[in-house]
Amino acid sequence: MMADEEAIGKRLLDKGWLAARSTEVDLTGVQLTTTDPPSDQHPWMEAVVPGTVLATLVKNKLVPDPFYGLENESIIDIADSGREHYTFWFFTTFESKMSASQHVDLNFRAINYSAEVYLNGHKEILPKGMFRRHSIDVTDILNPNGENLLAVLVYPPDHPGKIPPEGGQGGDHEIGKDVAAQYVEGWDWMAPIRDRNTGIWDEVSLSVTGPVKIVDPHLVSSFFDDYKRVYLHTTVDLVNRSNWVAECSVNIQVETELEGDICLVEHLQTQNLSIPAGSSLQFTLPELFFYKPNLWWPNGMGKQSLYNVELTVDVKGYEESDSWSQHFGFRKIESHIDSATGGRLFKVNGQPIFIRGGNWILSDGLLRLSKKRYETDIKFHADMNFNMMRCWGGGLAERPEFYHYCDIYGLLVWQEFWITGDCDGRGVPVSNPDGPLDHDLFLLCARDTVKLLRNHPSLALWVGGNEQVPPDDINTALKNDLQLHPYFESFPDSEYLRKEPSQVLKDPSQYLDGTRIYVQGSMWDGFANGRGDFTDGPYEIQNPEDFFKDDYYKYGFNPEVGSVGMPVAATIRATFPPEGWQIPLFQKLQNGYVKEVPNPIWDYHKYIPYSKPGLVHDQILLYGTPNDLDDFCLKAQLVNYIQYRALLEGWTSRMWSKYTGVLIWKTQNPWTGLRGQFYDHLHDQTAGFYGCRCAAEPIHVQLNLATYFVEVVNTTSEELSDMAIEASVWDLEGACPYYKVFNKLTVPSKITQSVFEMKYPKSESPKPVYFLLLKLYKVSDNEILSRNFYWLHLPGGDYKLLEPYKKKKVPLKITSLTFITGSSYEVRMHIENTSKKPDSRSLHCSNNVFERKQGNSLFQKLKNFSAESCGTRVTKINGSEAGVAFFLHYSVHASKKDEENSEDTRILPVHYYDNYFSLVPGEVMKITLNFEVPPGITPRIMLHGWNYQGGHTVV
């Protein structure tokens, strides 16, 4: 490459964009890109690219934040303004230096919905469709030695629809006529997006190549001899854009990272070929053989081993013409309808995997997507011990960055196409029975999406739509396009697992996909009742014990079951005005149940009550009537924890005998909603997050809330032998009236085993409210494999005795060590309940396991940690009473002088090893916090708890 020519590869155009409403710009596209560039003066403003028109208007404070309070109601909807109001120009400039033999493409990875592109006075059309890539050869248009002017006129969807006064699922359903995200007309969990996500919502880039370009390589791994012999198949499209025959060498290199930046090259192969002038061809490389490669496993099953695959094409007389690289995981995903349960049973690398995961809409309703936000979102799901995310059909075809982090953190992905029952044939009234108007466009977008995402190991299956199947012609085409290669058909004794790659069969990398199943709809073929009837759900508060009962859910795999999602009080104050801080009214009904009446702002933000009159008594009132917002939100967190832990434990209690999986509706909200979430839009976790984290452990001890039997869950591939369970009950006075150890326990692989009944409620004079601590540990070394803490009341009772327990002063000792690397903080803590009881039995019973395992120095493994250490700090919280330190939770804040009480000082996100935890007398727990701190800010870590009102600064 010459010193003054453009480097081969991709360059993002993500800075310096301006935007203006089209009706306020007098110049044409040709004029905009052939005269002096506009400045950031009216009507032009700084643009959000990637992003949407509405995101740009919010950034420039020309409209209020639509997610704050009721501000969305003050923003004009596209149905009232007309499409031209949200038709915008986007403008930027860039420089490009290229040699005579180089070629340059201008790429838009996605726009919504169609656009006109002007570059240096030349016009191109970007056709309709939200989920398709666009690439324009601009080689002959660029100014090779100076500034290039780029203007893009973006049009909204053709059928933005209207929002009925009563709202509804997808508004008036008109958006279903387009190939676009359907949630934008609003849902029962989402307010409408006023611009319908119009904009350049994904990356814009320039790609520079030589004469030959690499297009959409496809990587496939096939497995033989019980996964010992593995082959990597590769097919790539090569385009020769020169006017002469290109003599090429195609090189493939596969390397694995050993440690740090050290990589081991596993394979390096070169193939030579000729490509005629001005033509393209599909080229399949010979398979690469691997013996016992490191396999990619889902979260909780093993490591997420990834190899880096790099393809380059060299052209004689030119050297390197193009390159492409991709992280790739060797793994095989199969599934079939299980005869025992009727549910779809997934296997990864031959091992059954019990699916526990959640439904995902998208990260942000204004499409302010970023790698940083994606990583937080995906890591949160992995932290909850989830193993699957379902990309719901009314949302997005998720972006490669989303899949990249799913690859890293081990989240399997169910990706739906853009069909929903509400907008495509099953709504009220019946909507668009033939789906989108342009079926060819839908299929073009679907095929392009497959090519964009198919190399990610996390991608597990394609699904035609949400609670609906696509129209017959689309469904048939997708079934044909996504048919499985014989290597990947799910036959237990398949001959293809035993032999070498077939010389007769078509190479699997020549398929569009060929490695993943296509299921026509979310309630078909092993999901819900398998026939498409509305048999998912329910979506509201439940009695925790009901999740364990025989008649709770009839079918083997529930793709949607949802419940409450109240965030912490600080989030309410940060996202709602003071009138939105009013807690619900509790209206007592004649049947003895309570109806919650939320304020209008909560209602607008789709609040789900914590009661279901006639079926479920108000779960917050079980703790007593809340006094204010802080009290309400704290009690809501108690309910969140119990509700979601019980949901997952109830499903796991029937692992393989009744169920093959469950997906919770939903894990988060793309705005400041108040239902179905484990963390809020600001990235602060609810207690439900940690209830899930506890319940979905790969190895887990739990209490069946219907039978009060203690169960052990082993989802791993290894038998657990020489195990023991310690069960201890603690009363509100700090005594341990019940203690039991069950020794010599063996738990086979992939099973839930009932062990013994916890009989304290049947004992003489049991306390009406009590705590239960379960520990599963190895007898040989006392290593704790699972710890589970419950607060319980006797049948027919409540938790109101916990209200005076807030006044109990239990002493704590917190030892912490902080490491700082740039703006990144890691804080490692030991927190100990230092209260002791003279009853030696209770002391011995509660702590013999935990102290032996975790009583050693917190810092013994920190010798090689390279970050700057701030030294050890010990904080004591005084108290003279013995008892359980209940419902402890950390938060991280910016230290500020003269901070106002209503100011949100939280630093978010924070990754906690655990939170919302409790400690019995003498017990020690290790907690690690990881977070980034904004420049110039000193963090302050607070510890709060049920009996630690107001919080204590510990670091």
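Note: Cβ is positioned from N, Cα and C throughout, glycine not excepted.
Taken from TrEMBL as is:
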DOMAIN    41-201  domain 'Beta-mannosidase-like galactose-binding'
DOMAIN    212-331  domain 'Glycoside hydrolase family 2 immunoglobulin-like beta-sandwich'
DOMAIN    345-475  domain 'Glycoside hydrolase family 2 catalytic'
DOMAIN    877-947  domain 'Exo-beta-D-glucosaminidase Ig-fold'
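Between the domain 'Beta-mannosidase-like galactose-binding' (41-201) and the domain 'Exo-beta-D-glucosaminidase Ig-fold' (877-947), the number of CB pairs under 8 angstroms, six or more residues apart, is fewer than three, so the stretches are not in contact. Taken residue by residue, the domain 'Exo-beta-D-glucosaminidase Ig-fold' (877-947) breaks down under DSSP into 0 helix, 34 strand, 37 coil. Note on the domain 'Glycoside hydrolase family 2 immunoglobulin-like beta-sandwich' (212-331): its mean pLDDT in the predicted model is 95.
Counting residues of the domain 'Glycoside hydrolase family 2 catalytic' (345-475) by DSSP class, helix then strand then coil, yields 42 helix, 29 strand, 60 coil. Across the domain 'Glycoside hydrolase family 2 immunoglobulin-like beta-sandwich' (212-331), DSSP helix (H, G, I), strand (E, B) and coil residues number 0 helix, 88 strand, 32 coil.
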